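Taking it in order: structure first as structure tokens, then the write-up.
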């Protein structure tokens, strides 16, 4: 299960697009250049606006000191992910696929830096931040060098696990009241349910692509766009990731 062993290439209009024939290792269920010759995967591209919108809506913690750059690191990473993922799905080239997947690593790095460096002395915070960034750069470089999608999967899933461990430590190891822990866990649960829902829809899109394409063809556009489940994956992961950003801000700044 996963996009490393599903590749939906050779669509009728794939060679007619403005960006040329797709070259990316990942190619999803939405048919290439079916709507316009300027955007390879129309819905999969446009739904990335959800990341950008939420990054702009919640650029930093309310009451934070004004700075030259209006976004904190997590909102910046979410914005970058929306831009790079949108460009990837619009072009379906290997270079832009790398940009999309590296943007996911950037977002994971932003979570890790905030969770592990907050509450430390200035020197220790700098050291931890530098180590996290250097580690992410190294493994991101390994992925680009090998070009193996599974390497990205392993790297990103490891980041998620380390993020989860630190999150639960900050729930239970910081002397919080029972009421505060319950409230934070509800926010965590909300984020997790949204993210898992997106993941389920994404995998339905992968595993039942041909059945979905038949139904979309029978319905016709624009209603068929509602069955572009990879697009819903973008929307739901944007909402879930934003919820997690709000949670991390509260954990680290309280």
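Glycine is treated like the rest: Cβ placed from N, Cα and C.
The feature Ca(2+) binding site is assigned by TrEMBL to 30, 41. As annotated by TrEMBL, Zn(2+) binding site applies to 89, 230, 234. Marked as transmembrane segment by TrEMBL: 38-56, 68-88, 124-145, 151-172.
Non-local neighbourhood of residue 41 (Ca(2+) binding site): 28, 30, 32, 89, 90, 92, 230, each in the same chain, at least six residues away, with C-beta under 8 Å from its C-beta. Using a 10 Å radius centred on the Cβ of residue 230 (Zn(2+) binding site) and all shown protein chains, the other Cβ atoms total 23. Listed binding-site residues: 89, 234. The one with the lowest count of other Cβ atoms within 10 Å of its Cβ is 234.
A Cβ distance under 8 Å defines the sequence-distant neighbours of the transmembrane segment (124-145), meaning residues of its chain 6+ beyond its ends; these are 98, 101-102, 105-106, 108-109, 112-113, 116-118, 151-152, 155, 159. Note on residue 30 (Ca(2+) binding site): other Cβ atoms within 10 Å of its Cβ, all shown chains, come to 27. Residues 17-19, 22, 28, 30, 32, 71, 75-76, 78-79, 81-83, 85-86, 89-92, 225, 228, 230-232, 234-235, 238-239, 241-242 of the same chain lie 6+ residues outside the transmembrane segment (38-56) yet bring a C-beta within less than 8 angstroms of a C-beta in it. Those same-chain residues not listed among 89, 230, 234 yet with C-beta within 8 angstroms of the centroid of the Zn(2+) site C-beta atoms are 28, 30, 41, 43, 44, 45, 47, 48, 85, 228, 231, 233.
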